[in-house]
Every structure is written in structure tokens, then in C-alpha cells.
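> Pulled these features from Swiss-Prot for this protein:
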BINDING   Leu87, Ser114, Gly115, Ser116, Glu135, Arg140, Asp163, Val164, Asp181  S-adenosyl-L-methionine binding site
BINDING   Thr279  substrate binding site
MOD_RES   Ser2  N-acetylserine
REGION    35-42  region 'Substrate'
REGION    85-89  region 'Substrate'
REGION    110-117  region 'Substrate'
REGION    180-183  region 'Substrate'
REGION    205-212  region 'Substrate'
Amino acid sequence: MSFVAYEELIKEGDTAILSLGHGSMVAVRVQRGAQTQTRHGVLRHSVDLIGRPFGSKVTCSRGGWVYVLHPTPELWTVNLPHRTQILYSTDIALITMMLELRPGSVVCESGTGSGSVSHAIIRSIAPTGHLHTVEFHQQRADKAREEFQQHRVSQWVTVHTQDVCRSGFGVVHVADAVFLDIPSPWEAVGHAWDALKVEGGRFCSFSPCIEQVQRTCQALAAHGFTELSTLEVLPQVYNVRTVSLPLPDLGADDLEGNVGSDATPFRSGTPMKETVGHTGYLTFATKTPG
């Protein structure tokens, strides 16, 4: 199993995503002899998981069942163990597009955190690209290395343990894109410029506060970045349902005789009353050649 390439059968050591029902999932490490307790009963790894195809519908000990899904960066994002606040797929999708990531791209990232963005970047740049990710916290860096190894993507990522604001990314003039998710991104803008290729590249910074954005944009302009833009992703979910509205009473002028009768049912979409609010601002910029 790899987060980059699909494999048919579940093997020992794989990470599998158990779908327990609508909106309920859990990630498990498949180990021979291990068991996983679910609300549907016990799932025995040796019997119920190993050797079965991903996507199988598996019956648990109490008669309930789960679907065993192949891991993807999107599924990992909603099931990973949180070591820090993370970005979700809505923001990540825009980041990977605006950074123009593709197979073969070299990317510098800080901080690694829980690895949510890292997995999406690796999937975008494999099989010939590479990610240099910087995490100043030793335990988080060690855990990220362990997860990259378990998920069989370690060949596409190097984890650097250092303060990016003081020491940079550990590489110079190799990156096609730089992504920052740190408290003071303006302090790392100079290192981002140095890490990007001489012929240019793309920059992105995630910040929850507009004051951070202002200082980052000032630093970007001072270092020569161009095409500065800041975006906020606010998805609007619609609830689609079948409704039936009675025809209006038009009085004596209603020649059809349909006063008060029901109209033909139709499908209607209305915005959900509760939607996802502000997560953060995404600031993009370009390093131009020369």
C-alpha cells in the first residue's frame, strides 16, 4: 500500500481506512494478530483484512459491517492523529493548483505539523518530484518521518529538523514552489526566495489573521516577489430536496379552477444554515527570473 499508487490487496503493515457509516471513519495500521474494536463489533486483522481487496465490505463480530478503503491524502486528512492544527482538503486543493504542482516538481514546506498538506504535495509531485519539509519540533519531525515510512512515501520526502526562520530550508535554488504554514511567515520569505530556482517559482503562505498577511505581503514585495494575491476559500453547501408549493389564490380571475390545489413537486436547492466559516488566508506570489 502506498498513498501514491493504488494496490489491490491489503497487506500487513498497510494503513487502511475503515468506513463505519455516514461521516464516521477511522484509520488503522494492519498487523497480523491484531484486533480493532468498532461499534459494529471486533475486526480481526489476520482474518478480516489481510489478503482482502481494498474496498471490501467486511462483517464484524456482532453482525455489523464496515468498508475497508484504500488510503488517500484526502481520507488521511480527516482521520490523522492531530499533533497541530491542520489544513483540510478545501484549502489544500487551491494550494496545489495555485502552486502549479505536477509530477517532477520540487517543493519546500514549513512546518510539517501533522502532515496533512505534506501527503497531498507528495501525491501531486510523485513519481519524479521531491518534498523538503521543515519542522522545528523534534518529536513532531520524528513522528512525521515514521508516518512517511509507514505510508511508503519516504523516497519522495526529506524531513529537516530546524527553525526555517533562522536556518532556511536546507536547500538553495532547487524548488519550484514554497509553502509556509508558520506563525511568522514574513521572517522566512528571504529563505523562500533563496530556496526557489533562479529561473523562478511559486510561493504560498497560510495565515489565520489578516495582520500576518499584511506583514507577509510587505516582506514579499521587499524581496522582489510579484503577482501578490490573497484568497480565502469559503465553500457554500446546498441542501437539495423535493418541495411542493400550493398555487396562489387569484380570486375570480383564476379561470383554471386550481385555487388552493397543490402544484407539481419540484427539486429545490437552498444554502445550508450552518456552513464552514473562516479557516485562513492564502497568500500567493511569484518569483520571476532575474
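Residue numbering: from 1, along the chain as shown.
Any Cβ shown, glycine's included, is placed from N, Cα and C.
Because the structure is a prediction, the values reported are computed rather than measured.
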> Which whole-number value in Å describes the distance between the Cα atoms of Asp163 (S-adenosyl-L-methionine binding site) and Thr279 (substrate binding site)?
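Spelling it out, the Cα of Asp163 (S-adenosyl-L-methionine binding site) and the Cα of Thr279 (substrate binding site) are 25 Å apart.
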> Helix, strand or coil: which one is the residue listed as 'N-acetylserine' in, per DSSP?
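Where the residue listed as 'N-acetylserine' sits, the three-state DSSP reduction gives coil.
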> Relative to the Cβ position of Glu135 (S-adenosyl-L-methionine binding site), how many further Cβ atoms are located within 10 Å?
27
> Measure the Cβ-based neighbour count of Thr279 (substrate binding site), defined as the other Cβ atoms within 10 Å of its Cβ.
16
> Which state, by DSSP, holds Asp181 (S-adenosyl-L-methionine binding site): helix, strand or coil?
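The three-state answer is coil.
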> Find the average pLDDT over the region 'Substrate' (35-42) in the predicted model and report it.
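PLDDT averaged over the stretch: 91.
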> Could you tell me which of these recorded positions, Ser2, Leu87, Gly115, Asp181, has the greatest number of Cβ atoms within 10 Å of its own Cβ?
Gly115
> Assuming the binding residues for S-adenosyl-L-methionine are exactly those in the record, Leu87, Ser114, Gly115, Ser116, Glu135, Arg140, Asp163, Val164, Asp181, what is the maximum CA-CA distance in angstrom, rounded?
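Between the outermost Cα atoms of Leu87, Ser114, Gly115, Ser116, Glu135, Arg140, Asp163, Val164, Asp181, the distance is 21 Å.
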> Go through the chain and flag residues at least 6 beyond the ends of the region 'Substrate' (85-89) whose CB is under 8 A from any CB in it; none is fine as an answer.
74, 77-78, 95, 113-114, 116-117, 120, 181, 206, 279-280
> How far is it from the residue listed as 'N-acetylserine' to Leu87 (S-adenosyl-L-methionine binding site), counting Cα to Cα, in Å?
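A Cα-Cα distance of 21 Å.
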> Need this for a regression test: binding-site residues Leu87, Gly115, Glu135, Asp181, filtered to those with Cα within 10 Å of the residue listed as 'substrate binding site'. What's left?
Leu87
> 10 Å Cβ neighbour count around Asp163 (S-adenosyl-L-methionine binding site)?
16
> Under DSSP, the region 'Substrate' (205-212) has how many residues in helix, strand and coil?
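Breakdown, helix to coil: 3 helix, 3 strand, 2 coil.
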